[in-house]
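Peer 1: Sharing the feature lines straight out of Swiss-Prot:
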- D105: Mg(2+) binding site (BINDING)
- L172, A173, P181, I183, I186: K(+) binding site (BINDING)
- 164-259: domain '5'-3' exonuclease' (DOMAIN)
- 185-190: region 'Interaction with DNA' (REGION)
Amino acid sequence: MNKFLIIDGLNLVRRIYAAIPDENDMDSLTDRVSVACTKLLRIHHPTHVAIVWDGDEISWRKQLYPDYKKGRKPMPEPLAAGLSALQEHLKSLPIQSIYAAAEADDVIATLAMKTAKAQGEAVIVSTDKGFSQLNHPRISQWDHFNQQYLNIAELEQKLGVDRNQFLDLMALAGDSGNKIPGIAGIGPKSAAELLRTFRTLATLFSSLSNLGAKQAKKLAEGRDMARLSYKLAQLQTDLPLNINLRDFRVNGPANTQQAE
């Protein structure tokens, strides 16, 4: 069975970079990233591996909602200046790069789902909880920094909803980290309570007459924003990727791919 290790490039690199005392020490960063990647290969024994990077194009989410990810700290200048050299160095490892047109997340999600549907196993290396929406028994998520798989049961308990309600929760309450708005006046706790009662957004919005007037008004006025937020939070899993799985076989020929 194929096992595809899919590394969220900037998620890994930026976390490692943040722990380096000297922000200009790119040699140390390169060494630490190389060690991390080698460790990932040793732990997971994949048949295939890729590291996916964000591209420079404006994402469709930003075009749909200009405030998406607004206010995020930009990449530190030393890292931005040294990233190309780091990516070039990684070619010396048996880890091939894929460059997304815009956001890496949709490419990662598509790779994972295509692998799972082909009866393979996909392991996503990232601390981004957004990947938890990929509800498939052959997709898992590895937190390199805590050296453990994402525990979905713990996340469900923390959020107060089932996994299949994660997107509905973000549609109602938003996601402050990505500046996904949600509905004004509906926080995570009240959103979870609503979903425990009504289970889905569709049922909730068809049952507003069962709610108090104030809450029903918030939901009615925020319905369009909830739909937008759901769309922003939902990962694309069917992108047309111009890649060949053979190119990412461990110990295969070095190659760099551009995702379309």
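From the backbone N, Cα and C atoms, a Cβ is placed for every residue, glycine too.
A quick note: this is a predicted structure, and the numbers were derived from the prediction, not measured.
Describe the structural surroundings of these features, if you would.
Peer 2: Within 10 Å of the Cβ of D105 (Mg(2+) binding site) there are 23 other Cβ atoms, across all protein chains.
Proximity of I186 (K(+) binding site) to non-local residues of its own chain (separation of 6 or more, Cβ distance below 8 Å) is seen for L172, A173, L194, K218, L219, G222, given in sequence order.
Same-chain residues lying 6 or more positions outside the region 'Interaction with DNA' (185-190) and placing a CB less than 8 Å from one of its CB atoms are 159-160, 169, 172-173, 215, 218-219, 222.
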Peer 1: Counting across all protein chains shown, how many other Cβ atoms sit within 10 Å of the Cβ of I183 (K(+) binding site)?
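Peer 2: Excluding its own Cβ, the number within 10 Å is 22.
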Peer 1: Sequence gap of 6 or more, Cβ distance under 8 Å: name the residues on the same chain that satisfy this around P181 (K(+) binding site), in order along the sequence.
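Peer 2: Looking at Cβ-Cβ distances below 8 Å from P181 (K(+) binding site), excluding near sequence neighbours, one finds Y65, D67, G174, M225, L228, S229.
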Peer 1: Given I183 (K(+) binding site) and D105 (Mg(2+) binding site), what distance in Å do their CA atoms have, once rounded to a whole number?
Peer 2: 24
Peer 1: Count, for each of the binding-site residues L172, A173, the other C-beta atoms lying within 10 angstroms of its own C-beta, and report the residue with the smallest count.
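Peer 2: Sparsest of the binding-site residues L172, A173 by Cβ contacts within 10 Å: A173.
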Peer 1: Which whole-number mean pLDDT does the model give the domain '5'-3' exonuclease' (164-259)?
Peer 2: 92
Peer 1: With H, G and I counted as helix, E and B as strand and the rest as coil, say where DSSP puts I186 (K(+) binding site).
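Peer 2: In three-state terms, I186 (K(+) binding site) counts as coil.
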